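So that you can see what the record holds, here are the features copied from Swiss-Prot:
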| type | residues | note |
| --- | --- | --- |
| BINDING | Leu116, Gly120, His121, Leu122, Ser350, Pro351, Phe352 | (6S)-5,6,7,8-tetrahydrofolate binding site |
| MOD_RES | Lys225 | N6-(pyridoxal phosphate)lysine |
| SITE | His224 | site 'Plays an important role in substrate specificity' |
Amino acid sequence: MDFKKLDPELWQAIANEEQRQQNNIELIASENIVSKNVLDAQGSVLTNKYAEGYPGRRYYGGCQFIDVVENLAIDRAKQLFGAKYVNVQPHSGSQANAAAYMSLVEPGDTIMGMDLAAGGHLTHGSPVNFSGKTYNFVSYGVDKKTEMLDYDEIARLAREHQPKLIVAGASAYSRIIDFSKFREIADEVGAKLMVDMAHIAGLVAVGLHPNPVPYADITTTTTHKTLRGPRGGMILTNDENLAKKINSNVFPGTQGGPLEHVIAGKAAAFGEALTPEFKEYGEQIIRNTQEMALCFADNEKARLVSNGSDNHLLLLDVRNFGLNGKEAEKLLDQVNITVNKNSIPFETLSPFKTSGIRIGTPAITSRGFNEEDSYQVAKLILTVLANKDDEQVLADVKRQVKELTDAHPIYAEYSIR
C-alpha cells in the first residue's frame, strides 16, 4: 500500500521531519541518529504482539519468538555493562527511575539528588515531577568556583540529612562522575546508591566513562542518547533480591504490556554497541566535543561551564553575547543549528529563558562529522551569537550548514516510503 496516497497529511509531516533532520545540525545532547537496523527492528511486526510478563513467564500465548528477542536484548545489555540482572521493559528513563525508587525506598523517605539547575534531571527530585512529590528530596549541586561536583559537600549534606537513597547522574553535567566516591558517601550514612547513567551509557559501554554498575545498588538508563538505540529505558543491578523487586515494580507495578518492537530496537542497538566500531564512535564523540571546547575557549565572550568537558556535551553560558538561552536557541534554529536552552549552575533566570545552551556531539558524530567539522560548527555558533542582527552573516552561516549536512547525510539510502 502507498502510505503517501493513503494518508498524505501524516506522510507529509513525517517527510518534513526527515528533511529537517537531514538539513539541520543536531546538537541536542540527548538526541542521536539510530541505524537502519534499529529503524527496521522498531518498525517490525513485533508491534502487533502483546506480551505481558517476562520471558518464559508470559500472560499471553504465542510469545516464543518475542522471548527470543527480549532475551537477546537482556543478554547483550549484561555483556555491555557487566550486570547480572537487566530489565529492558521500561518505556522510558523516567519510568525506569520510578520503578527503581519503588524498589529502594518508600513514599516520604529522604533521597538526595542533583539539583536540576546544576545539571540534574526532573526525576531527581524536581518539585513539579512525581519524584519530588512522592519523596522528600534534598538537592546537592556543584562547587561555585569549579562548577564541578563537590564530594565533600555532598558528604556533609548526607551526614546532615541521613537519606535512605542517594541518586548520582545528570542530564547536563560535562565532567566525569566518580561513582566510587558516591558509594563511600552512601555507605557512610547507610544509604542505598542509585545511578542514572542515561546520558553517558554509550560511553560507559565502551570504557570511556567509569562504569557505575559495580558501585550502584541499581543503575538506570535510557537506551537512546549516546547508546544510539530507540527511545526507551532499562534497569540494571547485581543484586538478585533487588532484581526481583525491579521486575515486579516494572510489571505490574508501573506498566502493562512491554513494547516488544522497541525492545527489538534495543537489542539491535546493543548488538551494535558490542562491536569495535562503536568504541571508535565513542572515541570520536569525545574528540569532537574537545575540538568544539577548544574553539569556544579561544573566544573571549564564550564561557563554558566548568571550563570544558570530559564527555559528550558542553554547557555554554551565552550572557556575554547579550542573549539568554531561549534567544540563542531561536537564533541558531534560524540557521538550521539545533540546540536547547539550558540552565547553568547558580542560574538567575527562569527555566523558560535560562543563561545557557546545551551542546552535544552524539548525533553529528553518527553522521560522520570529524574534529575539523566540529570545530567549524563551533565557529558557526559563535558567529551567529555575535551577529544576531546581521542577515547577510546569518545567510552565509546557513549556507555553510547546508554544505556540512549535504556532505554527511543522515541515511544514505533511507527515506520514508
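From the backbone N, Cα and C atoms, a Cβ is placed for every residue, glycine too.
Sorted by the number of other CB atoms within 10 A, the binding-site residues Leu116, Leu122 start with Leu122, the lowest. Site extent for (6S)-5,6,7,8-tetrahydrofolate: the farthest pair of Cα atoms among Leu116, Gly120, His121, Leu122, Ser350, Pro351, Phe352 sits 17 Å apart.
Look at the binding-site residues Gly120, Pro351 and count other Cβ atoms within 10 Å of each Cβ; Pro351 has the fewest. Neighbour list (His121 ((6S)-5,6,7,8-tetrahydrofolate binding site), Cβ cut-off 8 Å, at least 6 residues apart, same chain): Met114, Gly169, Ala170, Ser171, Asp196, Ala198. Cβ neighbours of Lys225 (N6-(pyridoxal phosphate)lysine) (same chain, under 8 Å, six or more residues apart in sequence): Ala29, Ser30, Glu31, Asn32, Ala198, His199, Ala201, Gly202, Pro362. Here the recorded positions are His224, Ser350, Phe352, and the one with the most other Cβ atoms within 10 Å of its Cβ is His224.
A separation of roughly 24 Å, to the nearest angstrom, links the Cα atoms of Pro351 ((6S)-5,6,7,8-tetrahydrofolate binding site) and His224 (site 'Plays an important role in substrate specificity').
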